[in-house]
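Some features that TrEMBL has for this protein:
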type    : residues : note
BINDING : Trp137   : substrate binding site
DOMAIN  : 477-576  : domain 'CBM20'
REGION  : 554-576  : region 'Disordered'
SIGNAL  : 1-18     : signal peptide
Amino acid sequence: MRFTFLATIVGLAVGALAQSSAADAYVASEGPIAKTGVIANIGSSGSKSHGAKASASPSTSNPDYLYSWTRDSALVFKALIDQFTSGEDTTLRNLIDDYTTSSGRLQQVSNPSGTVSTGGLGEPKFNIDESAFTGAWGRPQRDGPALRATAIITYANWLLDNSNSTYVTQTLWPIIKLDLDYVQNNWNQTGFDLWEEVNSSSFFTTAVQHRALREGATFAARIGQTSVVSGYTTQAANVLCFLQSYWNPSAGYITANTGGGRSGKDSNTVLTSVHTFDPAAGCDASTFQPCSDKALSNLKVYVDSFRSIYAINSGIAANAAVATGRYPEDSYQGGNPWYLTTIAVSEQLYDALIVWDKLGSINVTAVSLPFFQQFSSSVAVGTYASSSATYTTLTTAIRTFADGFIAVNAKYTPANGGLAEQYDRASGAPVSAVDLTWSYAATLTAFHARGGKTYASWGAAGLAVPATCSTSGSGSSGGAGTVAVTFNVQATTVYGENIYITGSVDALQNWSPDNALILSAANYPTWSITVNLPATTAVQYKFIRKYNGATTWESDPNNQITTPASGSATQADTWR
Ligand SMILES: *[C@@H]1O[C@H](CO)[C@@H](O)[C@H](O)[C@H]1NC(C)=O
Ligand SMILES: *[C@@H]1O[C@H](CO)[C@@H](O)[C@H](O)[C@H]1NC(C)=O
Ligand SMILES: *[C@@H]1O[C@H](CO)[C@@H](O)[C@H](O)[C@H]1NC(C)=O
Ligand SMILES: *[C@@H]1O[C@H](CO)[C@@H](O)[C@H](O)[C@H]1NC(C)=O
């Protein structure tokens, strides 16, 4: 007995050292490659991007990924904006400015999902010359506007801290507001998930929408845009309520999508914990923080679902790290482990370790017990202070476990450090798109978390989940009793000048020049926008122009339209 016990301890210790030194070595070698890999794929000077603004990968065949995805771009730029605003890399400002400027233009591009005011913000991807992608695709995808708002708000808060409020209110706020309004009005509609396959409601999408509305409300208040605060806050509470419904209590995991006909075990949920991590929110379970009992239980179920299906995972102990993929039923490119999903597991665990260290204790609940039993078969439900032996046992083993996922990716990274999308489930050889921007970005953020770095809080602490879920106030665009009115106005402008509309009803922002709706110049000199207005209503409106911080109204009198009872209408005006 004694001999076996000692052998086990020695075996564990040797294994732990191996995992951690493999992770240390990979952080040192892969960190610079990942950073270079991200930068090469973005911006007009990116060496592999062929003039792209932020392409997913330079791959142009099998698969063709040389497009700009709203989600991928936002996730990648959020990571870069965190590096810039925290002072880790002060050289990134021009790239970030290119991203926000490009975002403002892309919002105005009419596409198969609609125009800027009729659902076009939900379009998932664009050609890299910023024109619409018109082929068949899984659209809309409603996480993009939320993620983009989160990324730009993070940058805007830094600009405010650094006395540049004019640029924030004049240039960034109109972009942020379009995205937040889209989330406010559309969160309760179905759309395609982050893997672009399932058309339903999706946990990742709902969670990032919640985050965007919360920080959007705080940000709007900070810059004095108080008229939007209560709308965003009301819908944030509604979204948080809906978010709880994805939890499957009997099986102990988060069901990734309401549709799709799969188990629902999906990296979607792990990525959510990582991308909605708030270091100030403790182990809050209602927002599924990385150290919450629900997110930890979910992590175990998710990881375990890949142990027996990938040949490269065979022979690995049931409590050690393995390669993981998007979801166990995946068959895309053969259905393989992905670099970004495997390393996301480690990032969730590093985030959890950061918070336990900060709080000075670990709570083991009935929900998280199976997760913790992987690291100590005798652990029981209870609170373990950082001074206890159990705390040390658990946190040491969990760090080794986390390092193990990095070691798995390290093992299947080719000698030149290039990260494709996937690696083969049987041979471990790289598969699918080469130099995937998101693979590099996910590697960078996991390394940062391993180093104990955290970024700004977004307001997840202490939120109350409403007792009953409501949808009231959402869905105001395209709802019953409205008609789609297209306003076309002939107006010549100078470069950098834009035309807006405001008027006598909510949908036209109640005569507010600050909140006026921007028109599209896609058919310049005709500026155009389609807005859902109340049916059978006399509506007054005016166009305004904004240039270099100055606002100019059309001369009197107001324009007027009486909307039809149903259908649509078009107004043709010339700037006065
Ligand atoms: C504010 O920030 C923008 C974006 O980086 C920059 O173009 C502008 O020059 C800045 N303005 C001031 C006054 O610093
Ligand atoms: C809309 O919200 C309600 C209330 O939370 C929820 O029951 C319903 O599933 C949601 N639908 C979508 C498509 O999000
Ligand atoms: C997605 O699902 C919704 C609701 O079931 C449906 O109205 C819509 O047509 C579907 N979209 C596609 C592209 O299948
Ligand atoms: C443990 O639970 C208590 C009571 O619910 C809570 O105050 C504390 O923050 C929790 N600590 C951790 C590390 O989750």
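Going from the start of the chain as shown, residues are counted 1 onward.
The backbone N, Cα and C atoms fix where each Cβ goes, glycine too.
Since this is a predicted model, take the numbers as computed values, not measurements.
The helix, strand and coil residue counts that DSSP assigns across the region 'Disordered' (554-576) are 0 helix, 11 strand, 12 coil. Its Cβ taken as reference, Trp137 (substrate binding site) is surrounded by 16 other Cβ atoms within 10 Å in the chains shown. The average pLDDT the prediction assigns to the domain 'CBM20' (477-576) is 86.
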